[in-house]
Amino acid sequence: MALRSAETRGRRLVGQPLLLTVSVFLSVGVFLFGYDQGVMSGIITGPHFIQYFDRPGPIQVGSMVAVLEVGAFATSLAAGRVGDIIGRKGTLFIGALVFTIGGAIQTFTTGFSVMVLGRIISGAGVGLLSTIVPIYQSEISPPNHRGALAAAEFTGNVAGYAISVWTDYFCSYIDSDYSWRIPLLVQCGIGAVLAAGSLVMPESPRWLIDTDKDDEGLRVIADLHGGDLDNPVARAEYREIKDKVILERESGEGRSYGMMWRKYKQRVLLAMSSQAFAQLNGINVISYYAPKVFEEAGWLGRQAILMSGINSIVYVLSTLPPWYLIDRWGRRPILLSGAVIMAISLFATGYFMYLDRPETPNAVVACVIIFNAAFGYSWGPIPWLYPPEIMPLTVRAKGVSLSTATNWAFNFLVGEITPYLQEVIKWKLYMMHAFFCCCSFILVYFLYPETKGVTLEDMDAVFGEAGSGKSPIALGSVAERSSFLPSDSLYPPSQSRLQRESLSDRNTPTWFGRLFRRNNSHRNIEEYQALNADEEDVTMSRLDDGRIRPIEDEEDEEDVRGYEIVSRDNGRGFR
């Protein structure tokens, strides 16, 4: 059996390389909508773009920029249901494909209406990607690195924005319509890479277990722990997830949006508010219209795009500290400090524009760069991490879809009205967003609980719900746990069943099902048996230094996911 396991591991990525590879591909997903948000900011100020679209006014410019959020809003609402039906990787593939089609339409546009259509279609892809990527990442990440991996994702988003700005800048030297068509074409290639990569990525183990594909769920967990199906930590993590699924089925409350609102209203509102204030705090005034902001301050033409490019480099660098800080300081301190710095920077930006002195252009550049840096390390990454963390598995996709839809709704609002407000209220626009930064500080200080280091299955305790219902560990017998599974399956899966890799299909799926399954994940589950007595007494606890300690061995061992094995006496799966 050990030889068989070693051979299997030799043919595929396992452990940390697998986790990092998946995280890189997920970063390509957020890179896409970072690029798409930034690419329009440069080309809308280019002379060939302005001439081609017959000198569009502020409403037309706002529509071309912000209409992407219309498509993103619609599909982000649907993404919760889609992600539950076809899985995380299937939703990722469809999102990348739709985005690529929309990018092609934008590239070869023949006028304003076609451009708007392309932006809506790309937005539909962005809505799917922006909903499913945070869910996917949170479901495969260990709790002690979940924040860092999410922060790395956001770095990919900002890198996409930065590359789009510099692409706009270098293409501005092209004296033809290619100066704006080439930047739009680049996003098609990136979308195709993501679509191809999604086909070879593993499915989320939590989604597999939640849909009774237990053999594949345990296999993916084992791969993330190093590829050994005998790994007691992997099997205990599987048990923790499965017990949680069974407990939620026992409640019999269903998985509708109505049930989610009744039972988890506080979590839903917190998730939605984090995304709303990420936009109201003013980032898209800079992301979408940075060259216009710099033109307003006194930098003109290509110089304004250059200043945007310099600002984008600082923006990318500011997203690196959270890789280290987010799982050490926690979410709350970072959000609070970021809100303070952003508020001060925006107040100063408005003040210098009000003064309108010779030093105003340089002062505004400095304030905008400080604002971007503060956002990049705080309100940039955490609103994408927080919603999938706090929502339970049964309604995670739906809860995150609502929070993401909130993001795109406010994204559209800010993107649509900013050109108009820049002309009407001018410097007061930045004071308004500074006020929202102050509001976000108050909200976080009084209402946001800390989630640092808490496993997804233990999040109920953070919201004071741990005592409601029967504990998963209280479902002590295999028979009792199995009573909540489909009648044709037993719990938990036997290793002999898991290690069979037959390629035959007992239930032949459609081509679409074959496209998104992994290692025959739609097989019937026939030969399940109980864990042995030793495994029944094993559970996990994470130490700060990432060690594990088997109950029968006093010496420390290393595990790639950073857990410790302890006895089940404390009555909890993780702590």
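Backbone N, Cα and C atoms are what each Cβ position is placed from, and that goes for glycine too.
Pulled from TrEMBL:
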TRANSMEM  12-35  transmembrane segment
DOMAIN    22-452  domain 'Major facilitator superfamily (MFS) profile'
TRANSMEM  59-79  transmembrane segment
TRANSMEM  91-108  transmembrane segment
TRANSMEM  114-136  transmembrane segment
TRANSMEM  148-166  transmembrane segment
TRANSMEM  178-200  transmembrane segment
TRANSMEM  268-290  transmembrane segment
TRANSMEM  305-326  transmembrane segment
TRANSMEM  333-354  transmembrane segment
TRANSMEM  360-386  transmembrane segment
TRANSMEM  429-448  transmembrane segment
REGION    545-575  region 'Disordered'
COMPBIAS  560-575  compositional bias 'Basic and acidic residues'
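Counting residues 6+ beyond its ends, the transmembrane segment (178-200) has Cβ neighbours under 8 Å at 25, 28-29, 31-32, 35-36, 39, 42-43, 46, 48-49, 52, 89, 92-93, 96-97, 99-100, 103-104, 106-108, 122, 125, 129, 160, 164, 167-168, 171-172, 515 in the same chain.
Long-range Cβ contacts of the transmembrane segment (148-166) within its own chain (Cβ-Cβ under 8 Å, at least 6 residues beyond either end) map to 19, 23, 26-39, 41-42, 133-134, 137-138, 141, 183, 186, 190, 287, 290, 305, 308-309, 312-313, 315-316, 319-320, 322-324, 326-327, 376, 380-382, 384-385. Sequence-distant contacts of the transmembrane segment (429-448) (same chain, at least 6 residues past either end, Cβ-Cβ under 8 Å): 270, 273-274, 277, 280-282, 285, 331-332, 335-336, 339-340, 342-347, 349-350, 353, 379, 386, 418, 421-422. Non-local neighbours of the transmembrane segment (268-290) in the same chain are 37-38, 40-41, 65-66, 161, 165, 260-261, 304, 307-308, 311-312, 339, 342, 346, 368, 371-372, 375, 379-380, 382-383, 386-387, 390-391, 399-400, 402-404, 406-407, 410-411, 413-415, 418-419, 422, 429-430, 433-434, 436-437, 439-440, 443, 447-448; each lies 6+ residues outside the stretch with a CB under 8 Å from one of its CB atoms. The list of residues near the transmembrane segment (59-79) in space but at least 6 beyond its ends in sequence, with Cβ under 8 angstroms from a Cβ of it, reads 33, 36-37, 40-41, 44, 53, 91, 95, 98, 102, 112, 115-116, 119-128, 130-132, 288-289, 397, 401-402, 404-405, 407-409, 411-412, 414-420.
Within the model, the domain 'Major facilitator superfamily (MFS) profile' (22-452) shows a mean pLDDT value of 87, rounded to a whole number.
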